[in-house]
Amino acid sequence: MLYASRTIMPMCVVTVAEEMKWDKTESGTVLSAFFWGYTMTQFLGGYLSDRIGGDIVLPIAACLWSMITFWTPQLAYLSTDKHTALYMVVLSRVFLGICQGFHYPGMTSIISRKVHEQERSLTYSLVAAGSHCGTLLTGSIGSILMDRYGWGMPFYVIGMCGILWMLCMRYFLVARHRQRYINLGPNGSPVVSMGAKDSQSVPWITLFTKSAFWSLLIGHFCENNAFYILLSWLPTFFHENFPDAKGWVFNVVPWVVTIPSSIGSGWLADHLIKKGYSVTFVRKLMETIALCGTSFFLVLLTYCSSYGASLACMAVAVACCGFHNSGILVNPQDIAPRHAGSVFGIMNMAGAIPGFVGVYIAGHILEATKSWSAVFNQTAGVCMFGWVVYIIFGTGKQIVS
């Protein structure tokens, strides 16, 4: 549901831009605005989750971003002035990002406390595959709803689904968790133990002096740069280059193949670790497939002229991104297991920067050069830089206690 609501605007942006008279730069501003807010709450989400429990943080955040999703079309129609409507949509995207920024650090905090080291890759990849399922949901059902009922309908339907999911999570994850872990206090009254509080402060000074920590930030930045550009601009690319192509096809196929690659990479990583391979080797292997594979197929995409070849290259490039879940994305639980939520928050804050910088620059490049090759080639170059840094300095060993 998180990614279903996040990807509605990229799917609808061509239709909305035509109605609202936006150019490519303005469309890029709308798409990148989400990440302005997303960057703000990454650290706070990890810190709160480590302190009070991700199972408390997640339902509150989910309630807020679901309601924002539901009301986005109404905000766009509040004013007939083009610029005022643009500002309202941008503002709603910023607040959507602020609320969704709590999710991944909270989820990481829960997994680092509840899952054994040799099972974390598969667990995290399985949960993270939900992001591709959400993108798939929006690309398929969302495309049909938009074609039949207008671009506002996907926001209403997915917003309501998000609220229903939040209520289910609140009941199953929090209410039952509390019932299961009730202890009796000295006076016989029930005392709820959430098992999430940790009085030990995060050793930031030690972390920031470690090259492995910096390689984590840089590698995640570079991979997210590619992923967010593909996530945001993929529908526009196919609309412009293959106007007769069905939206539900190119909005669905790349994310269908990414789900097995994400889950499969998690299984492979855990299998290799159980076989005796070092965590460092496994993390670097997964990240090599992610960054080098994405880079290679983005460059190859610039030489494709047919719809089938372009769709295949795009699908494999996105599928390679799925290996990132078993590489850098799970790495904070290796290097700082007691502070995984906080470390992930800092890492994802760095990873959110290309969401507004990279996505906006991509729109500006398209507006100035009309060249998709320029966008894909510079994205591939950034991927290769991140791969080199992580291969040299990355580690799977614990660096702070």
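Positions of Cβ are set from backbone N, Cα and C atoms, glycine also.
TrEMBL annotations:
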type	residues	note
DOMAIN	1-398	domain 'Major facilitator superfamily (MFS) profile'
TRANSMEM	30-49	transmembrane segment
TRANSMEM	56-73	transmembrane segment
TRANSMEM	85-104	transmembrane segment
TRANSMEM	124-145	transmembrane segment
TRANSMEM	151-173	transmembrane segment
TRANSMEM	213-233	transmembrane segment
TRANSMEM	253-273	transmembrane segment
TRANSMEM	285-303	transmembrane segment
TRANSMEM	309-330	transmembrane segment
TRANSMEM	342-363	transmembrane segment
TRANSMEM	375-393	transmembrane segment
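Within the chain, the transmembrane segment (285-303) has long-range Cβ neighbours (under 8 A, six or more residues past its boundaries) at 219, 222-223, 226, 265, 268-269, 272, 310, 313-314, 316-317, 319-324, 326-328, 372-373, 376-377, 379-381, 383-384, 386-387, 390-391, 394.
Outside the transmembrane segment (253-273), and at least 6 residues removed from its termini, the chain residues within Cβ reach (under 8 Å) are 117-126, 128-129, 132-133, 135-136, 139, 230, 234, 279, 281-283, 285-286, 289, 311, 314-323, 325-327, 330.
Of the candidate ranges 30-49, 56-73, 213-233, 309-330, 375-393, 56-73 has the most C-beta pairs within less than 8 angstroms of the transmembrane segment (151-173).
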